[in-house]
Amino acid sequence: MKNIVILISGGGSNMAAMVKTSERERWQSRFGARIAAVVSNKADAKGLVFAKERGIATHVLDHKAFPTREAFDDALAALIDPYNTPSHPVLVVLAGFMRILTPGFVERYAGRLTNIHPSLLPAFTGLHTHQRAIDAGCKYAGCTVHLVTGELDHGPILEQAVVPVLPNDTADTLAARVLTQEHVIYPRAIASLLSK
Ligand code: GAR
């Protein structure tokens, strides 16, 4: 059995897609894996409502309550670690979690910490990826699932999907097109990790 803990900050549509895929594809019987908890750094994250409705444990850890990044990440690890036992090793899935993690946290979950980023990495790390792709005249954009390493939006690539950038695209229309692909590749990447 593996425990999956998903970290969100907002809408949680990637988390919801992961939950629905895990149910449809019966990850529990196929891989011995279950989505054990959803953690948000924001109390009003919409995704928490969906997770609760699905009977998944939810936790809120407000980063503003901590004086430093290290203190927040220590508290986050303390929250995740009960889901991390020898018989139930944890997989930590960042899904729209808009916090930069400290090297200590990344090291603690090295090899079992994943992220989805809304660009074709290594292009456009950081924020405002869709507007930057439009401004750069890109004909294609996309999204990337990768293992998290110490460097922001870097690390071994697990999956990517490509979408066209259309002539009248705004950051919002492009983001929506990319997001539909995120919902496909993130569950696929996690299923592939779980099958190993
Ligand atoms: C997604 O587009 C995800 O790729 C992005 O935030 C959105 C979250 O949507 N993540 C980042 O920008 C991380 N740097 P969701 O909450 O509906 O899954």
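Backbone N, Cα and C atoms are what each Cβ position is placed from, and that goes for glycine too.
Summarising the annotation, TrEMBL assigns domain 'Formyl transferase N-terminal' to 2-190. Annotation comment: TrEMBL describes Gly12, Ser13, Asn14 as N(1)-(5-phospho-beta-D-ribosyl)glycinamide binding site. The annotation (6R)-10-formyltetrahydrofolate binding site is assigned in TrEMBL to Arg69, Met98, Arg99, Ile100, Leu101, Asn115. Positions annotated as active site, proton donor by TrEMBL: His117. The site 'Raises pKa of active site His' annotation in TrEMBL covers Asp153.
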Problem set entry | Ser13 (N(1)-(5-phospho-beta-D-ribosyl)glycinamide binding site) and Arg99 ((6R)-10-formyltetrahydrofolate binding site), Cα-Cα, nearest whole angstrom | 17
Seminar exercise, completed: Note: in the chain of Asn14 (N(1)-(5-phospho-beta-D-ribosyl)glycinamide binding site), residues six or more apart in sequence with C-beta under 8 angstroms of its C-beta are Ile8, Ala95, Gly96, Ile116, Glu182, His183, Tyr186
Seminar exercise, completed: With neighbours defined as other CB atoms within 10 A, the best-packed of the recorded positions Arg69, Arg99, His117 is His117
For this session: State the Cα to Cα distance, in Å, between Asp153 (site 'Raises pKa of active site His') and Asn115 ((6R)-10-formyltetrahydrofolate binding site), rounded to an integer.
Result: 8
Exercise. Where does His117 (active site, proton donor) sit by DSSP, helix, strand or coil?
Worked result: strand
Problem set entry | Length of the line joining the Cα atoms of Arg69 ((6R)-10-formyltetrahydrofolate binding site) and the residue listed as 'active site, proton donor', in Å | 21
Seminar exercise, completed: Students should find that the Cα atoms of Leu101 ((6R)-10-formyltetrahydrofolate binding site) and Gly12 (N(1)-(5-phospho-beta-D-ribosyl)glycinamide binding site) sit apart, in Å rounded to an integer, by 19
Exercise. Ranked by the number of other Cβ atoms within 10 Å of their own Cβ, which of the binding-site residues Ser13, Asn115 ranks first?
Worked result: Asn115
Exercise. Within the set Gly12, Ser13, Asn14, Arg99, Ile100, His117, which recorded positions show a CB-to-ligand 1 distance under 6 A?
Worked result: Gly12, Ser13, Asn14, His117
Exercise. Once the chains shown are all counted, how many other Cβ atoms turn up within 10 Å of the Cβ of Gly12 (N(1)-(5-phospho-beta-D-ribosyl)glycinamide binding site)?
Worked result: 24
For this session: Find, among the binding-site residues listed as Met98, Ile100, Leu101, the one whose Cβ has the highest number of other Cβ atoms within 10 Å in the structure shown.
Result: Leu101
Exercise. Within 8 Å of the centroid of the Cβ atoms of Gly12, Ser13, Asn14, which other residues of that chain place their own Cβ, given that this set defines the recorded N(1)-(5-phospho-beta-D-ribosyl)glycinamide site?
Worked result: Ile8, Gly10, Gly11, Met15, Ala16, Ala17, Met18, Gly47, Ala95, Gly96, His183
Seminar exercise, completed: For Asp153 (site 'Raises pKa of active site His'), the number of neighbouring Cβ atoms whose distance to its own Cβ is within 10 Å equals 19
Problem set entry | Distance [Cα-Cα, Å, rounded] between the residue listed as 'active site, proton donor' and Met98 ((6R)-10-formyltetrahydrofolate binding site) | 11
